[in-house]
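Q: This is the structure I have questions about; it appears just below.
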Amino acid sequence: MTSLDTSYTLQNKLLKLSVYGALLLAIIGIVIGYLVSSQMVLFDGLYSFISVILSFLSLYTANYIRKKDIKRFPFGKEMLEPIVIIIKYLVILLLTFSALVSSFITVFNGGRETVVEFALLYALVSTIVCWAIYACLQKHSKEEYGLIKAEANQWRMDMYLSGAVLIGFLFASLLSLTPYSHIIPYVDPLMVILVASYFVKVPITEMAKAIKEVLEMAPAQAIEEKYQDVVFSIEKTYKVEQSYLRMSKVGSKLYVEIDFILNNQSDILTIDDQDFIREQIDQQTKELKYEKWVTVCFTKNRKWAH
């Protein structure tokens, strides 16, 4: 089994863990949220339920991308990965805005009575489960695993959500022992407003990154700098007149095009010399664990490098 096959196998296992974990929390959250009349718990359960659907989408996409179809997709299917990530975060963003509107309405209508004890127990269990799954996904959430990184972010948000539920209901429980117990009906919707307001940031940030990949913009600066250093070294060593480096990252695939412009003083004379330089580039960028699509061209005519 190749390292790429191993990566895909690991990715599938982690996505399945995410699906089963989200399904468990979704069922518990929706049932308890309804029974104890808690918007916060219900929001948590609905978030988990949507996570199940989105995780299934990620799992299907990962398997579909792996299946080779050179005739219809000569450059691969990696573009599906950022598209799926955009869909995932767009759905989460819509859920978040919906929860915000609903909670504001509840606050203006005088709040809502909630069975705090059961909600507190749910929040404790949910926080522990979310932390465990997030920690597992985060351990393998490398930059080249776009779908796993999205899942890890999703569970991090759910962990914060469940933690906020826990803290909020602890606060509500303490309020019941004070003269301020009349505030308790407002605790539940106010928690949703605070958490949902924070949640807006993550989907917008991650969608922006995915949109950059769909537009085939340049990758992260650290990736680009690695290739720039290698190209500059080759220019200096082989007396290359000039070079052009173009890069983009789409999902787990890194596209690299390098054009070297030679002149009569350049020390690149044969095809063997050219292949040796290609091998040098490959060896010096092995630390970047992406599936690479690298094109290295040599020409004396600047026309072919633009």
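Using N, Cα and C of the backbone, Cβ positions are placed for all residues, glycine too.
Just so you know, TrEMBL annotations never went through curation; they're auto-generated.
From TrEMBL, here are the annotated features:
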DOMAIN    16-212  domain 'Cation efflux protein transmembrane'
TRANSMEM  17-36  transmembrane segment
TRANSMEM  42-62  transmembrane segment
TRANSMEM  83-107  transmembrane segment
TRANSMEM  119-137  transmembrane segment
TRANSMEM  158-177  transmembrane segment
TRANSMEM  183-200  transmembrane segment
Q: Count, for each of 42-62, 119-137, 158-177, 183-200, the Cβ pairs lying under 8 Å from the transmembrane segment (83-107), and report the range with the highest count.
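A: If we count Cβ pairs closer than 8 Å to the transmembrane segment (83-107), 183-200 scores highest.
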Q: With a cut-off of 8 Å between Cβ atoms, can you find at least three pairs linking the transmembrane segment (17-36) to the transmembrane segment (183-200)? Only pairs 6 or more residues apart in sequence count.
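A: They do not touch: fewer than three Cβ pairs between the two stretches lie under 8 Å.
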